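Engineer: My questions will all concern the structure given below.
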Amino acid sequence: METFNSLFMVSPLLLGVLFFVAMLAGFIDSIAGGGGLLTIPALMAAGMSPANALATNKLQACGGSISATIYFIRRKVVSLSDQKLNIAMTFVGSMSGALLVQYVQADVLRQILPILVICIGLYFLLMPKLGEEDRQRRMYGLPFALIAGGCVGFYDGFFGPAAGSFYALAFVTLCGFNLAKATAHAKLLNATSNIGGLLLFILGGKVIWATGFVMLVGQFLGARMGSRLVLSKGQKLIRPMIVIVSAVMSAKLLYDSHGQEILHWLGMN
């Protein structure tokens, strides 16, 4: 048992719980993003340090995003050849963000991110026709790659929460993709930025590999189930999921940043 605990950093029971948490997170993440809301707190609750939890989370997240990407490529929803520039810019952006976060505090992002996530949820809620079908494309080539790949990729490497929603929003608003197609392409760039960020964590020696790989399998399975629903249900499923996940994520981010003030204001502290 001591050997098991030293290898996985958690007990067998907790490892089983983490596997199913990762599966659920992969399912949610493949549809609307936000799976890290489940996995990062779960890893920290299991006793990992914040650094180990973030690094191991990035490893297991690769399982879900890669699983979804493979599914969408095989269904010919996503073409790798058409996304080469976006992939390259996303990789560079995520590596840059992951490198910078080691030297710069992300406090400013923690303050403004809840507002941005709320705006995403409201955007999809108040524009019910958005993403129902393909529309005229507004941006091509390098400009789009810099915004969707470089900027969002940098954000994903630097901070991360809701990156999948930002990718999907870029494909809907700038490329004119329908919501299902945008979600599929978002997973490709999400997988790219996950890999880029993971490489930096590997160099830092913070990844708990055994636990991460077990969760990666759970993520892979959950994301495969979610990806099938994306193509079969389309925007009827994706839109409400994005709105719900955005609301939950905003609430959690606000609580993480201002939990004591909120409790005091409610008279609970």
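Cβ coordinates are placed from backbone N, Cα and C, and glycine is handled just like the others.
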Engineer: Under the annotation given by Swiss-Prot, are Tyr155 and Ile66 positioned on the same side of the membrane?
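Structural biologist: Result: yes, Ile66 and Tyr155 share a side in Swiss-Prot.
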Engineer: Tell me the residue counts in helix, strand and coil for the topological domain 'Cytoplasmic' (178-197), as DSSP assigns them.
Structural biologist: 19 helix, 0 strand, 1 coil
Engineer: For the topological domain 'Cytoplasmic' (106-111), provide the mean pLDDT of the predicted model.
Structural biologist: 65
